[in-house]
């Protein structure tokens with residue numbers, strides 16, 4: 001892909017204490033994904049944005065990595081004491097990478113329509129700076145409760161777009177005694193005119209606890225519910241235990257397989273892969289590959305969960321049925337349920353582990369092996385919306 005010389009900078013070094021729940025708001029999840037990840041993905045999806053540079057607080061490295069997963073991004077930059085310090089650090093990183101234009105965005109704005117980015121980049125063709133704004137619709141009064149003409153004011157949003165050299169020079173020249181509320185204020189003080197483009201109501205900043213409930217509802221209303229099913233079989237062989245649902249169960253036989261032959265986790269992995277329509281366990285972990293010889297099947301399910309989350313999925317429920325005459329599954333059901341719930345990120349109440357027999361019919365009835373079937377329920381973004 002041809003480089004456009006446009007980079008996005010997300011300032012995510014704040015603590016966000018007004019949002020509640022202790023976790024910095026940029027790392028809280030809506031619709032199964034960190035707010036920061038939503039902001040990153042919206043920017044990366046635009047064909048005129050080359051990459052996204054994120055600025056984080058020192059000590060947030062683990063939170064950041066959990067939020068972004070395996071997205072192909074530059075290493076995060078550590079922020080400073082104040083927002084402007086963080087912006088400067090991010091701008092330096094963008095400059096070092098040779099970019100010419102930058103879009104500076106708040107991490108706490110998970111909704112970003114492509115049309116807003118289009119308008120900002122178009123404005124930069126004839127201006128050194130551009131910001132998205134909306135009209136003020138509420139009545140405004142001063143502290144003496146005197147009406148103020150709202151037509152003289154705009155609500156300013158992000159991302160704010162700048163010629164990179166200009167915004168760096170503006171920050172270097174800033175002499176204000178107070179911290180600026182945004183970067184447009186810094187550039188305006190530097191004597192540059194700011195172009196105004198139409199923003200979007202979706203670009204609301206998440207600040208207070210109630211904002212997150214609204215954002216969750218907005219995000220999930222554009223999702224569809226889908227199911228996936230999986231089935232697996234392994235025959236018995238010599239051994240003294242089997243792996244089932246990630247739990248070691250003593251038995252007078254083992255299960256034959258290239259990996260640890262955990263039929264429950266294999267069926268569940270296939271169910272999750274089926275829900276996101278991404279092949280099957282054999283596609284991702286072929287038995288012909290020696291690296292999976294004797295592998296713990298927990299990693300297969302963890303991999304499927306990561307793929308599902310990358311696809312924007314919310315996992316809602318899992319149901320596993322083990323089919324065998326022996327061993328007895330009941331005593332190990334709570335441990336299996338707990339193990340699977342932890343991998344899926346679900347409460348145990350949303351994981352069902354059942355066991356049945358075939359009334360001595362077929363290969364399972366003859367105690368020749370074990371079968372398992374699984375169903376998962378998830379929600380995915382509706383690509384047609």
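Cβ atoms are placed via backbone N, Cα and C, with glycine included.
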Same-site residue for divalent metal cation (record: Swiss-Prot; known: 232, 234; options: 253, 258, 266):
266
Non-site residues, in chain order, whose CB comes within 8 A of the mean position of the CB atoms of 232, 234, 266 at divalent metal cation:
233, 255, 257, 261, 262, 263, 264, 265, 267, 370, 371, 372
Integer Cα-Cα distance in angstrom, residue 363 (4-CDP-2-C-methyl-D-erythritol 2-phosphate binding site) to residue 357 (site 'Transition state stabilizer'):
11
If you count Cβ atoms within 10 Å of each one, which of the recorded positions 259, 356, 357, 358 comes out on top?
259
Around the Cβ of residue 281 (4-CDP-2-C-methyl-D-erythritol 2-phosphate binding site), the count of other Cβ atoms that are within 10 Å:
25
